[in-house]
Amino acid sequence: IASVVFKAGVKDYRLTYYTPEYETKDTDILAAFRVTPQPGVPAEEAGAAVAAESSTGTWTTVWTDGLTNLDRYKGRCYHIEAXVGEENQYIAYVAYPLDLFEEGSVTNMFTSIVGNVFGFKALRALRLEDLRIPTAYSKTFQGPPHGIQVERDKLNKYGRPLLGCTIKPKLGLSAKNYGRAVYECLRGGLDFTKDDENVNSQPFMRWRDRFVFCAEAIYKAQAETGEIKGHYLNATAGTCEEMMKRAAFARELGVPIVMHDYLTGGFTANTTLAHYCRDNGLLLHIHRAMHAVIDRQKNHGMHFRVLAKALRMSGGDHIHAGTVVGKLEGEREMTLGFVDLLRDDYIEKDRSRGIFFTQDWVSMPGVLPVASGGIHVWHMPALTEIFGDDSVLQFGGGTLGHPWGNAPGAVANRVALEACVQARNEGRDLAREGNEIIREACNWSPGLAAACEVWKEI
């Protein structure tokens, strides 16, 4: 009898895990994988192998399979389609039952879905293109500490994108000189300045000194401008305890916002910090250092839209999202696709924008996308048009590279932004008339004119 019930040995995954007749449930987590099978491996077997290895499967039949209800717990490859324009690439859709995942843990979700399967022999390459997070699962996450509307209310800034600047040179400044640069930028008209992602607590500038001098700069700039200012104090550290210590010190200083590198720091640390930020009224700026290691290859790894969705669940109020212009160019439609996934409550499936599933966030707060990297005043009309009001535009070199100094660089950016917003509100077409709008603004802002002269060729 045993030989009938339990047949030892290796069997094809597709017999168990490829189920084209399966109707997906509202509670399933759905994944779209770009699969490149090894030569000779059928697409169905490759898709089923992904479903198996990222859920209940192992490479051989085991006795203990009989002690569980495989039908309840297994991942299922329910649809496969050939990837358009690519040879030997397929999009495999996999449904995972919700019971496979721990509530409120992005870490566990990724360990399950992408933890093991990417080294699989039968696959030449594998890329996770998108995830559909069911309402039942997203409701177990707190999400962003505050969200877009609460942030605007805290800062008292409406009807325009926010302006930021990463302090450069990113490594080597003393805390006092660093604070001075922060003050000059904020005084000139920026809303935020930013620690670079790799500024943590190095020998030339320990974190506590930086926090103190930056707080002084913030309060001085606020007093002089009458506007609320912030500096993203990077709390990223070698241990979670040290990270929380830094966040607590920022709160004691009374500053509005801290920062975290969520991929190098890890999702567990990020979610911990996000909970602290909500409980203590701190905004949380997220940098995506290390993302290109994961998302740059077109056929292997994970698309950034998956990392962006994961961040919205784990928690963050801002996240870097590419620029569409500048030095880190992203494809426009794809970028806007995941920008909407970050900001909006309900996003329709739209394959032309890389969105494989309709996503309903059921009122989870939104995240402000941050455009940063090689941008300057001439890009302002395009950025305003592409990203709209709910965004942060960050000019590092585009502020600090101004020939007259940091404060005039900040003035130039603020004038350019205000000119673009006003022109848009008057009904002008930023895409077509952008350069003209900037040139007109130069007439009443010498600082902007000087900036335009420096970067006119770029």
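Cβ from N, Cα, C; glycine included.
For the substrate site that Swiss-Prot gives as Asn116, Thr166, Lys170, Arg288, His320, the extra residue drawn from Ser352, Ser363, Ser372 is Ser372.
Thr166 (substrate binding site) sits 12 Å from His287 (active site, proton acceptor), taking the Cα positions as reference. Between the C-alpha atoms of Asn116 (substrate binding site) and Asp196 (Mg(2+) binding site), the distance comes to 32 Å. With respect to Cβ neighbours within 10 Å, the binding-site residues Asn116, Thr166 differ, and Asn116 shows the lowest count. In sequence order, Glu197, Asn234, Met259, His260, Asp261, Tyr262, Ile319, His320 make up the list of same-chain residues 6 or more apart from His287 (active site, proton acceptor) whose Cβ falls under 8 Å from its Cβ. Nearest Cα neighbour of Lys168 (active site, proton acceptor) among the listed binding-site residues (Asp196, Arg288, Ser372): Asp196.
Within 8 Å of the centroid of the Cβ atoms of Lys194, Asp196, Glu197, where the record puts Mg(2+), the same chain has further Cβ atoms from Thr166, Ile167, Lys170, Asp195, Asn198, Val199, Tyr232, Asn234, Met259, His287. Spatially close to Arg288 (substrate binding site) yet at least six residues away along the chain are Asp261, Tyr262, Leu263, Phe304, Leu307, Leu311, Ile319, His320, judged by Cβ distances under 8 angstroms.
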